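Database features, via TrEMBL:
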type	residues	note
ACT_SITE	CYS400	active site, nucleophile
BINDING	ASP300, ASP327, ASP347	S-adenosyl-L-methionine binding site
DOMAIN	183-464	domain 'SAM-dependent MTase RsmB/NOP-type'
REGION	1-41	region 'Disordered'
Amino acid sequence: MNNAEKPRRGRERNTATAARDEARRGRAPARPAPGRPAAGPGERPFVLAAVRIEQVRAVLGEVLQWEFPADAVLSRWLKAHPKLGVRDRGEVAEAVYDVLRNLRRYRQFAESGAGPATRRLAILGLAAVMDASVLDAGLEEHERHWLAHVRSLDVRGLARAVRDSLPDWLDEKLSTLEDPDALIQALNRPAPLDLRVNPMRVERAEMLKQLRSGPALRYDPQPTPYSPWGIRMQGRPPVNRWPMFEKGEIEVQDEGSQILAALVAPRRSEMIIDYCAGAGGKTLLIGALMRSTGRLYAFDVSAARLARAKPRFARSGLSNIVPVVIDPDNDQRVKRLRGKAHRVLVDAPCSGLGTLRRNPDLKWRQHPESLAALKETQAKILAQAARCVAPGGRLIYATCSILPEENEEQVKAFLAENPEFTLLDAAKIAADRCENLTLQGPFLNMRPDRHGTDGFFAAVMERSKPEN
Ligand SMILES: C[S@@+](CC[C@H](N)C(=O)[O-])C[C@H]1O[C@@H](n2cnc3c(N)ncnc32)[C@H](O)[C@@H]1O
């Protein structure tokens, strides 16, 4: 499961009460909510926006150290503030993510003004998610003037890397792709939440009916355009507290990810390896498409990630999955499976730049050096995984990156060194299951501006059978 697929937790709680609790802990100037006793002598009045600015500033202070992924920092902070209500949590998270999306431009704006720059970043993030008049109440006079000035600026004249907030190296790389402006803008917009039904347990039409007849209706559940198993929801539904989630009938999974599993085109009773299974997002759909028959190895070098997959495997009811922690070099199990698998999926560790809608911090956490290291790892995993493919079997290489150097270029280099593999038309294979999906091929390239999914890449290669 990538970060994008993680449902966010939240607790129903009254906004003013939760914010007041925060204020009581000394995190912000406090005044009781309406209807409560007035502020005592020497106390500053409670203002929700003032509390919120300090909350967002505190989270940003940690996120912008870049030591940990933003979602990890945020979920830790939210856990440390269990009394915050759903709306409060949503506002803090959305403001932090808005700052990460627009960081370069906001930093330029924050250069003017007085006081700590992180506070001004927090104000800009909140200006994007809060009603202007509510936010205004939490601002100092000089901040009010500064924000009005920032709001009056015309950003159209700014260089794209500043306007759309990209590091220069990434702006340069993206400018070589088709329609870079449309792609960059789409990557900078928040994504909806995609669910996937477990085809072993329930039909999509039936699940849509259930969702539309309960409290989930407010998230406007709609079928995804390409994946036959997907349901798209608006907003941040608390999916992991729904009974259908607990019963293993639905999972959170971007539509692009669902299509990748379709590309594996697994069949009953086959032996399949998900070589980089992580928290099992794709394993689950592949296992269900095998109708829980055959054997599906879920490999990963990270025991922690595979451990996160286990409860998902248990919920799904699948009995054909065999999770295995492998050694990145010389693993004996991998050796024993040499030439045996009908399908091997390599969902390779990558820059994740196709998922910027959900993980905007990646554009600041990745850099050319990390990319170079990833490319080496990808080539190494591809070569190792390829050895497990049986003659006539298929190797599927996938990333959630949009950079050709992690994608097409890796595949071309692999094919040049491994002439026993030939490239199949991924677009055609995907269209077998996803009938509305018309792509050019032979590679599968999904983009947020064209398909409404995260950016995904995949290639399907077949190993030739020895001639008799
Ligand atoms: C993109 S993530 C996989 C996501 C997963 N397939 C899903 O759908 O949720 C890449 C995974 O590759 C794993 N990995 C890194 N190096 C590896 C290696 N040498 N062999 C196998 N897996 C590796 C990482 O631990 C990580 O879980």
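Using the three backbone atoms N, Cα and C, a Cβ is placed for every residue, glycine included.
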Rounded Cα separation (Å) that holds between ASP347 (S-adenosyl-L-methionine binding site) and the residue listed as 'active site, nucleophile': 8
S-adenosyl-L-methionine binding residues ASP300, ASP327, ASP347: largest Cα-Cα distance, in Å and rounded to whole number: 17
Binding-site residues near ligand 1 among ASP300, ASP327, ASP347 (Cβ under 6 Å): ASP300, ASP347
Overall pLDDT of the domain 'SAM-dependent MTase RsmB/NOP-type' (183-464), taken as the mean: 96
Close in space, distant in sequence - ASP327 (S-adenosyl-L-methionine binding site), Cβ under 8 Å, 6 or more apart: VAL301
Listed binding-site residues (ASP300, ASP347), ranked by Cβ neighbours within 10 Å, top entry: ASP347
ASP300 (S-adenosyl-L-methionine binding site) to the residue listed as 'active site, nucleophile' - Cα separation in whole Å: 17
Number of other Cβ atoms within 10 Å of the Cβ of CYS400 (active site, nucleophile) across all protein chains: 29
